[in-house]
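Peer 1: One structure, as structure tokens, below. Some questions next.
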Amino acid sequence: MLLQFLLLSLCVSVATAKVITGVFNSFNSLTWANAASYPYRGPATPTWTAVIGWSLDGATASAGDTFTLDMPCVFKFITDQTSIDLVADGRTYATCNLNSAEEFTTFSSVSCTVTTTMTADTKAIGTVTLPFSFSVGGSGSDVDLANSQCFTAGINTVTFNDGDTSISTTVDFEKSTVASSDRILLSRILPSLSQAVNLFLPQECANGYTSGTMGFSTAGTGATIDCSTVHVGISNGLNDWNYPISSESFSYTKTCTSTSVLVTFQNVPAGYRPFVDAYISATRVSSYTMQYTNIYACVGAASVDDSFTHTWRGYSNSQAGSNGITIVVTTRTVTDSTTAVTTLPFNSDTDKTKTIEILQPIPTTTITTSYVGVTTSYSTKTAPIGETATVIVDVPYHTTTTVTSEWTGTITTTTTRTNPTDSIDTVVVQVPSPNPTVTTTEYWSQSYATTTTVTAPPGGTDSVIIREPPNPTVTTTEYWSQSYATTLTITAPPGGTNSVIIRVHSSTNDESSESTFSTLSVPSFSGSISIVSTVSRPHYVNSTVTHLPSSSSKPVDIPSSDVVTSTNDNSLTSLTGSENGKTSVAISTTFCDDENGCQTSIPQGSVVRTTATTTATTTTIIGDNNGSGKSKSGELSSTGSVTTNTATPDVPSTKVPSNPGAPGTGVPPPLAPSTETQTTNNVPGSPNIPATGTTDIRESTTVSHTVTGNGNTGVPMNPNPALTTSTSLTGATNSATNPSHETGVNTGSGGSTNIVTPPSSATATVVIPGTDNGATTKGQDTAGGGNSNGSTATTNIQGGNNEPGNQPGTNTTGEPVGTTDTQSVESISQPTTLSQQTTSSLISTPLASTFDGSGSIVQHSAWLYVLLTAISIFF
């Protein structure tokens, strides 16, 4: 019964034991004491002593509970003790085992069990002192390579852990005094194995090694080499205490015996160091000497043999009681969560084998998954000893929703608001308020469109510049009733067609004037009249009308129509009607030259328009004799002359004579040219127009018939020679034929000529709008040389009673002048300078009519001829 009770109590205590944490709760100090003649205070040089605080509370700790202090990067405890008690006030509350890591694990540990001294109403606190050395590598094993990067020279933080409680302190480690480029030697004692780890690295070759042989031998020393523990590799770096931090394979050949190990290698790249290490057993000797083989050839250098010997001090194992015991290391898988090292009970008197057992937890693999949620969950799939358990970690993640808003700042901000209770977080994006935009459309010379956006800083105004190719333009000329010209431009949207509408004055309402001619009987006279002008005009056309017959004014019945027909090379048909009480007559124009004689024709492109009341006034615009341009209703040629003939209608005739001067026609034949010459003085203020390449025209306009009631022409109005006028279109500057620099070239815009005939005391103004057809007039050479470009028209003064008169022509050149400017029609009475020499054998001269320098008609009344007669008597 008693035995059953004891067994039951043991089972209950085991079943109720638990793992507690947080017993070691403070890192009070960490100091170093030189345990030998070490030249520097390195982490692997003994002895480092840590003072750790602990506390046990009976409320949470019970007998049999366990707790552990893990000490990462600690190599071994520097003591012969295998355990230590936690004592307070002379009482032991826990017993702890000292588990050195050595080459087995990356950490040492202190594992403790609460004793029965601890009761529920007891609380104990105290400190424990632990001597040890740190592990910073020293071989090619996985444990040493991991620990080779635990610390660096200088200030470091050392941290120990008791479950989820961590305690830390800082420490200052000194760097090795051996140059890293020199050969490196190391021997470390493994107390639990009574062995030493020997490491060798040859000198550094900065550019790499071509070949070499490295190794060591224990021949003659009694020490043996464990070939199963040999590591060979190359490292791409050393830590501050000259231990390899990595191990990579390379091309080598290894030879190992119980007394020596040799490694021959080739082609080690730059930046790498070859090394070899092995466990050495050195028992029953106080010291032993090692022979090191060190032969190497650096890249680009000759082979070097730097082999040497070195003596290491050994020690005797005091635990076995006898030397030469066998130490067996076994590994056993347990269900614990940490790895532990334990020594099985050993009696040196009876046991020859000391067993060190490594308790390794069941290996586990961790699988991390994720889900939309808030908390992290863990689940473990257990496995029996010898298999691998699985730990599944389910990590939550949140989805996000983005909210964008505007603000007055100048930058974009993004803020994530994490929801602690839900899986949806909010991302708030604040963007600057948009700038206002101004769009400008402009035209440029390219054939394609572009859009440029200029973004201003926040708070400014953005600009969008649209560049469009230019629209095509269609120009239309229209005629209207106003007396002035206008130009209207209609700009279409991009891609359309712009329109330019030019409205010019239509001459359908040409005005007329009334004049009564008186017949004066005056003797033959010869004289000159000079009228000085005070106003200059831009254009000058001089014509003289002489030897007008006596006639009386009478109305002429004209159809109410106004039709101007474009002409061909040989003829012109003109019907002019009466509007607003104005009367018109049809006029036939005769052109004469020495080669072809006189023909009733008009050059192509010319327009004849006439208006009259009691006195018939004919205005002829002559242009484009070579047929290069066509005129239409209301248009004028860019070059030409304007002549005005005034006559009084007489008895109508039923037929237009086709052969002037033939018997029975009533029209005298053309007289022979007069030898008298008309001269023109220079007009002050007249424009100096350069010579042009246009041929002047000699033009004679003959009024020899009237218009009947139905528009047909009648018989000649008088038997006297026809009214003859002549206008020089162009002439060379200061030439004999154009000394006054006068020209008849049209320079205005296209349109009809509006002739305003004022009373006899006023001046009628003829304004010739220009056109843009660029027509050129071809003249006749009246000197008998035929057609000649560049000749100046000759004024033919036809004398009365078959009195001859002739003026030879002079050749000159010039250019046509044309423009599209519009000139208005204006009636102004201004005296002009006009030098005119008149020679006549007629006794009766009713009236003379001339163009002044500005193109106005000057009608001289009867009293002027009386004055001329008186002057001729005196002279």
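Each Cβ is built from the backbone N, Cα and C atoms, and glycine gets one as well.
Found this in Swiss-Prot, in case it helps:
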type	residues	note
DISULFID	Cys73-Cys150	disulfide bond
DISULFID	Cys96-Cys112	disulfide bond
DISULFID	Cys205-Cys298	disulfide bond
DISULFID	Cys227-Cys256	disulfide bond
REPEAT	401-432	repeat 'ALS 2'
REPEAT	438-469	repeat 'ALS 3'
CARBOHYD	Asn542	N-linked glycosylation site
REGION	546-580	region 'Disordered'
REGION	619-837	region 'Disordered'
CARBOHYD	Asn626	N-linked glycosylation site
COMPBIAS	674-715	compositional bias 'Polar residues'
COMPBIAS	755-764	compositional bias 'Polar residues'
CARBOHYD	Asn789	N-linked glycosylation site
CARBOHYD	Asn811	N-linked glycosylation site
LIPID	Asp852	GPI-anchor amidated aspartate
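Provide an account of the burial state, proximal residues and distances for the features listed.
Peer 2: Under the three-state DSSP scheme, Cys150 (disulfide bond) falls in the coil class. Other C-beta atoms found within 10 angstroms of the C-beta of Cys150 (disulfide bond) number 19, with every protein chain shown included.
Within the same chain, residues at least 6 positions away in sequence whose Cβ sits under 8 Å from that of Cys96 (disulfide bond) are Ser83, Ile84, Asp85, Leu86, Val110, Ser111, Cys112, Thr113, Val128.
Listed in sequence order, Val268, Ala270, Tyr296, Cys298, Val299, Ala301 are the same-chain residues at least 6 apart in sequence whose CB falls under 8 Å from the CB of Cys205 (disulfide bond).
The Cβ neighbour count for Cys227 (disulfide bond), using a 10 Å radius and every protein chain shown, is 15.
Summarising model confidence by region, the repeat 'ALS 2' (401-432) averages a pLDDT of 88.
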Peer 1: Mind telling me which of the disulfide-bonded residues Cys73, Cys112, Cys256 has the densest Cβ neighbourhood, counting other Cβ atoms within 10 Å?
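Peer 2: Answer by Cβ density within 10 Å: Cys112.
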Peer 1: Any idea what DSSP makes of Cys256 (disulfide bond), helix, strand or coil?
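Peer 2: Once the DSSP labels are grouped into three classes, Cys256 (disulfide bond) ends up as strand.
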Peer 1: Mind giving me a neighbour count for Cys298 (disulfide bond)? Other Cβ atoms within 10 Å of its Cβ, every protein chain shown.
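Peer 2: Total other Cβ atoms inside 10 Å, all chains included: 20.
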Peer 1: Rounded to a whole angstrom, what is the C-alpha distance between Cys227 (disulfide bond) and Cys73 (disulfide bond)?
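Peer 2: On Cα coordinates alone, these residues lie 27 Å apart.
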Peer 1: How would DSSP class Cys298 (disulfide bond) in three states?
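Peer 2: Assignment for Cys298 (disulfide bond) reads strand.
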Peer 1: Between Cys256 (disulfide bond) and Cys150 (disulfide bond), how many Å separate their Cα atoms?
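Peer 2: Rounded to a whole number, the Cα-Cα distance is 32 Å.
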